[in-house]
Amino acid sequence: MGLVIYDTLARRKVPFEPAVPGHVGIYVCGPTVYSDPHLGHARGPVVYDILRRYFLHKGYKVRFVSNITDVGHLTDDADEGEDKIVRRAKLERLEPMEVADKYMWSYFDAMQALNVLRPSIAPRASGHIPEMLELTERLLARGHAYERKGSVYFRVRSFPEYGKLSGKRLEELRAGARVEVREEKEDPLDFALWKAAEPGHIMRWKSPWGEGYPGWHIECTAMSLKYLGEGFDLHAGGIDLQFPHHECEIAQAEAAGFRFARHWMHHNHVLLEGEKMAKSTGNLVLLHDLLEAHEPMALRFYLLQTHYRSPMDFTWEGLESAKRGYGRLLHAYREVRGRKKTAPPGTTPELERALDALEKAFMEAIEDDLSTPEALAALFAFLPELHKLLPEAKAESLARAEAVFHTLGEGILGLFPERVLEERVSGPLLEGLIALLLELREEARRAKDYEKSDLIRERLRALGVIVEDTKEGPRWRLER
């Protein structure tokens, strides 16, 4: 049937049809890099990674742009407060760009661990000041902006469609709710395109209105248009960005005379103890702590168990349950790979039919607004039939089962990178198994069964374990 998405702008599910056949342009609002990422920062990247993987599976060429905000995002998300990165730089006694680099790489490392594909382009806001200045000047020339005391503000009431994404009406927006009243503003609803730098402000650039720095909203408008062009296919981000950030992006672009994003998608919050996970409140679980203690793919699986438009309530019990569920799928995939090597030639009709049903149910789920819970349910519904048929399954059908697991489970869901499919023994388990084999070898030596003793030693050597007999007893080391 093709992909159907819930379009926030249309307020309904709509068929997704790219502007240029065979090509898809996606812009996702990326992180403001002033601290380590928490679990809430992983949900959007994982969700839109599924979308990207789906398009790649379908043969599309995908340009996936996700920015890095390293300037201009103030502490209250509006036009007041301190730049978040500058504030952090003061706390850590670093230069702002040192802070941005440090936490940008922290974010990228976490995304790599979660098997999220790197963006085609990851533009940094600080590298696109000329584009922002050009857009600001264009808005001034068209009467949609005005300058006051070195700052430039967007004249919200000059754009009658302001509010069409969020459903908010100008008359209903109260001064002081999400915007602060400043004396130089014509209207309290107006927002900054360019901010005059106060004395001592570290991050500043020259502009026609004096030294300053960009407003948060203009950054994504300028960068998305630069890399994806007018009328690009999809803009996505968290539900908390819908207003004011995305609303302001639309106003800036369209008031400047540009066609902006054709479709909009928004993912919901990750909750902890019933409250939104957020840096500002400290109500969070850091991603790196989770990734160190748990299999990253089990964490990705956990994120996919809830539909992206629904709030996800994080619990430790839920994570443990997800680890068990992921383990069941991983075990089944490994079983298929292992049995394929020794299975007799031919096909197994019952398995072929089960695979047909799986592929149909899975793709229907994904194409219905990325219903990952239903896609996972299709995989689990397939497991009983698979386990029943595995003992007698033929090689060609097992090869197809492996390919289906790879296409659906890794190609689209991103759950089975090669490293998790390689069953490796390490740590205490490895040491225990070697100790057991050496004990059996010592028993054989005491019984003067040197043939068995030598056989154990040679088999261990073939596996890369070197055994050395000493006065204190046998020692072993891994061959380098």
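Cβ coordinates come from backbone N, Cα and C, glycine included.
In Swiss-Prot, the motif ''KMSKS' region' annotation falls on 276-280 of the listed ranges 151-155, 276-280, 311-315, 351-355.
The list of residues near the motif ''HIGH' region' (31-41) in space but at least 6 beyond its ends in sequence, with Cβ under 8 angstroms from a Cβ of it, reads 68-70, 73, 84-85, 87-88, 99-100, 102-104, 106-107, 110, 269-270, 272, 276-279, 284-288, 290, 299, 314. Non-local contacts of E249 (Zn(2+) binding site) by the CB criterion (under 8 A, 6+ apart in sequence, same chain) comprise H217, C220, T221, S224, H235, F260.
If one looks beyond the motif ''KMSKS' region' (276-280) by at least 6 residues along the same chain, the residues whose Cβ comes under 8 Å of a Cβ in the stretch are 34-35, 38-40, 75, 240, 269-270, 314. Here the Cβ of C29 (Zn(2+) binding site) has 20 other Cβ atoms within 10 Å, regardless of which shown protein chain they belong to.
In this structure the alpha carbons, written CA, of C29 (Zn(2+) binding site) and K279 (ATP binding site) are 17 Å apart. Under DSSP, K279 (ATP binding site) is assigned to coil, being neither helix nor strand in the three-state scheme.
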